[in-house]
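The next block holds one structure in the form of structure tokens; read it before the comments.
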Amino acid sequence: MRSTQEGRPFLEKTEAAPESLPGKKIESQSSWETLSFTESTLLENFPERQTQENKGIAADAVVAWLSEATALEAQTGKSQAWKTPACEVQDRFNQLRQTSVSKVEAAQVLKQEPLPEKVEVSEEEKSEVLYTRPLWSNRVEYILAQVGYSVKAISFWNFSNLWLQNGGWCFLIIYVVLLFLVGVPLVFLEMAAGQRMRQGSLGVWKIISPHIGGVGYTSFMVCFIVGLYCNVYNAWILTYLSHSFQFPVSWARCPLLMNSSDFDPECANTTPFLYFWYRVALKVSDRIEDGGSPVDSLILPFLVSWCLVGAFMINGLKYIGKVMYVLVPVPYLIMLCFFIRSLLLDGAKLGLGYLVAGKISAMYSVHAWCQAGFQLLFSLGLGYGSIVSLASHMKLSNNCLSDAFVVALFNLGAMLLATTVIFCVGGFWATVLTHRCSEKNAETLSRLVSLGELPPEAQPPPNLFDYPTSIYTAWLNSLSPSIRSMVLSHVPECSLQKQFLKIGKDATFAFLSFIEAMSFISGSVLWSILFFLMSLALGLNFVIGILQGIITPLQDTFSSFRKHTKLLTAFVFVLMFLCGLFVIQPSGFYYVRMLNDYWVILPVILIITLETMAVGWAYGARRFLAELTILWDHPIHPIIRWLWCCLCPVVLLGLLAAVVYYQSQMTWTYVSWDSSTSKEVLRQFPFWMLPIMIVLSLLVILPVPIYFLYSLTHPIPFKSSSSNRAVISSTSLSLSMRITPIKKVQKEEILQGNNQIADSPVV
């Protein structure tokens with residue numbers, strides 16, 4: 001047996017053998033050119049136009065040809081070393097080359113012709129062969145769909161509230177830092193996973209890391225649960241929109257009692273806006289324990305909202321892309337109109353003052369960083385599987401890294417624009433209400449002084465109505481402490497600052513304070529209609545993204561659904577509508593708040609954490625980015641790999657620990673309506689609600705450990721290995737298996753030994 005030193009000259013001779021033989025140089029060059037041309041032609045056609053079975057056969061034929069050509073070179077080298085006649089080697093080379101070319105030509109025919117008659121093909125395999133994955137018509141439609149999904153109206157109110165409570169513009173700095181170091185890489189990760197693997201949330205993570213494949217089921221279940229209640233926001237908007245065409249609008253004054261000229265006493269004890277929200281729009285119960293049948297006045301708006309989404313999605317991806325040209329730009333145009341109008345309102349300067357204020361101490365607050373992280377993940381829509389599903393319909397060569405930056409910048413710009421509008425309108429709202437409060441207090445105090453219940457020193461100044469807030473506040477502060485306490489015991493305090501800090505407390509601010517502020521503006525009906533149209537468009541965009549995250553995985557998992565796309569879409573909408581009737585019952589509003597405020601954040605962060613580990617650690621960030629580099633034909637900055645493998649997992653694990661800590665320490669409360677006092681009251685959730693939420697969380701997380709145990713008990717590798725058979729297109733495991741350089745294959749096979757030619761690799 002030859003030694004390794006003896007084998008090295010042989011390897012050198014083998015690599016040069018075809019060119020060194022007489023008359024072989026030209027044929028060798030021609031053979032390499034033919035091989036390169038055929039390989040490039042096959043690779044160009046594999047990713048998108050061909051089916052899984054035919055591609056596998058074609059790839060096998062290519063590699064088989066490579067192996068035989070390599071074996072030829074080895075034998076040619078041996079003949080040179082052993083001085084075998086050149087004519088014999090030439091005959092063998094030509095014979096093998098002709099055989100290999102015929103195999104490649106046959107593989108090309110297989111890509112277009114049916115399978116041989118001897119091969120029995122099941123109905124499921126036939127549907128796989130005939131299925132062509134629908135793609136977005138162009139990149140603009142795809143970007144609009146991603147932007148429409150990520151920009152949500154509820155994010156505007158949450159962001160403005162966090163801005164006020166966590167240091168002003170210092171919170172913005174924290175948010176921007178996390179956006180570019182964590183948010184953009186995570187959006188890019190989900191986009192790249194869906195686009196690269198051509199699968200929805202159920203299948204993509206099984207391909208990337210089989211042991212973590214259960215995270216796809218968790219993501220699908222969370223997306224389904226969120227889809228049950230997210231469209232109820234649109235039903236509320238439609239309810240308000242239907243009352244906007246009345247004059248005066250229903251929420252501007254209290255209703256009269258039947259057959260009487262008196263107002264409803266429940267409304268008289270509160271504001272008309274609160275009364276309309278709780279008692280007319282929601283017909284809410286006093287407690288979450290109080291059940292009941294679905295509210296009659298909400299059934300039709302809820303049905304209409306689902307019909308709108310169904311009409312936009314029933315005709316498939318192409319029609320959704322056309323709808324995005326209207327649904328996405330319209331909210332931004334309306335928001336721009338609000339921005340210009342809000343700057344001209346009285347009190348806008350007050351709101352802008354809070355907008356530019358900042359507390360440097362917030363930069364060192366762990367709480368502020370955690371709140372910014374929660375808001376970031378929520379506003380970008382990560383973890384639901386919708387980004388993956390939308391990206392799975394994009395062509396492989398698309399640069400989704402730039403798409404991630406575009407979506408993130410649009411999201412940030414929309415929130416900054418909306419926050420400015422909210423602060424300006426909030427300043428106007430606080431100014432008007434404080435003026436009215438001062439005037440009402442002055443009238444009450446004057447009456448009490450005239451009745452002798454208060455001393456003459458408690459008489460307000462007569463010129464109060466010129467500048468009520470400033471004059472009343474200055475007069476109140478000039479009183480002696482005893483008289484001031486006596487005055488405040490009879491009338492509420494009118495504080496401009498405290499009134500302003502109430503804005504953006506939660507999503508109901510949009511239906512209460514913001515609408516109330518709109519009623520103070522000239523042309524209030526028009527501005528109210530524009531506001532509801534903007535909110536409706538934003539809500540429909542989000543629901544379309546959520547529903548795409550449900551329909552796409554079902555079609556990828558069950559091939560029979562691909563033949564009946566419209567039927568599947570209609571079935572999903574009917575199912576979601578029927579299940580969603582639960583959240584429009586009198587206590588449904590409280591369940592929506594519970595799910596959105598307390599439950600959803602924990603499984604979402606867990607999903608994102610596992611997704612990052614699957615790509616960064618299990619599949620390998622270096623390997624994943626290398627495959628994208630080949631597809632895009634340009635390199636990706638290595639900082640992405642560092643962010644995926646190091647920074648993002650650490651930040652996500654920290655946020656996960658923070659969620660567990662906060663939820664274990666907090667008191668689980670909700671704001672409810674007390675019909676006896678006509679006021680909002682803070683109540684604790686019943687004792688049985690916490691176990692229900694824990695069970696629901698465990699239910700959606702359970703697929704992760706179950707699938708992990710299943711993978712351990714079956715011969716499933718933890719990491720997708722390049723030694724496995726490459727499944728191209730929608731179930732591809734590794735691109736490098738299909739595009740291994742020719743000379744690399746040569747060396748791997750020849751180094752097996754001098755007297756033995758390696759078998760053809762399994763692709």
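A Cβ is built for glycine as well, from the same backbone N, Cα and C atoms used for every other residue.
Marked as Na(+) binding site by TrEMBL: GLY148, VAL151, SER379, ASN411, LEU538. Marked as compositional bias 'Basic and acidic residues' by TrEMBL: 9-27. The region 'Disordered' annotation in TrEMBL covers 1-31. Residues annotated as transmembrane segment in TrEMBL: 172-193, 214-236, 298-317, 324-344, 372-392, 404-430, 525-547, 567-592, 598-621, 642-662, 687-710.
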CB contact flag for the transmembrane segment (687-710) and the transmembrane segment (372-392), at least three pairs under 8 A: no
Feature contact check the transmembrane segment (525-547) with the transmembrane segment (372-392), CB under 8 Å, 3 or more pairs: yes
Env. residues of Na(+) site, Cβ within 8 Å of mean position of GLY148, VAL151, SER379, ASN411, LEU538 Cβ: VAL147, TYR149, SER150, LYS152, SER155, GLY381, PHE410, ALA414, ASN541, PHE542
Chain residues outside the transmembrane segment (404-430) and at least six past its termini with a C-beta under 8 angstroms from it: 143, 146-147, 150-151, 155-157, 159-160, 163, 172, 175-176, 179-180, 183-185, 187-188, 191, 332, 335-336, 338-339, 342-343, 345-352, 354-355, 379-380, 496, 499-500, 502-504, 513-514, 516-518, 520-521
Recorded stretch that, among 172-193, 214-236, 324-344, 525-547, 567-592, has the most CB pairs under 8 Å to the transmembrane segment (298-317): 567-592
Contact call for the transmembrane segment (214-236) against the transmembrane segment (642-662), three or more Cβ pairs under 8 Å: no
Greatest C-beta neighbour count within 10 angstroms, which of the binding-site residues VAL151, LEU538: LEU538
Mapped DSSP class for VAL151 (Na(+) binding site), helix or strand or coil: coil
Neighbour count (Cβ, 10 Å) for SER379 (Na(+) binding site): 24
Outside the transmembrane segment (172-193), six or more residues from its ends: residues with CB under 8 Å to it: 146, 163, 166, 204-205, 208, 362-363, 368-369, 372-373, 375-377, 380, 382, 387-388, 391, 400-401, 403-405, 407-408, 412, 416, 608, 611-612, 615, 624, 628, 640, 643-644, 647-648, 651-652
Other parts of the chain folded back onto the transmembrane segment (567-592), taken as Cβ under 8 Å at six or more residues beyond its ends: 227-229, 231-232, 235, 282-285, 287-295, 298-299, 302-303, 306, 309-310, 313-314, 547, 550-551, 554-555, 561, 670, 672
Mapped DSSP class for ASN411 (Na(+) binding site), helix or strand or coil: helix
Fewest other Cβ within 10 angstroms of its own Cβ, chosen from the binding-site residues GLY148, ASN411: ASN411
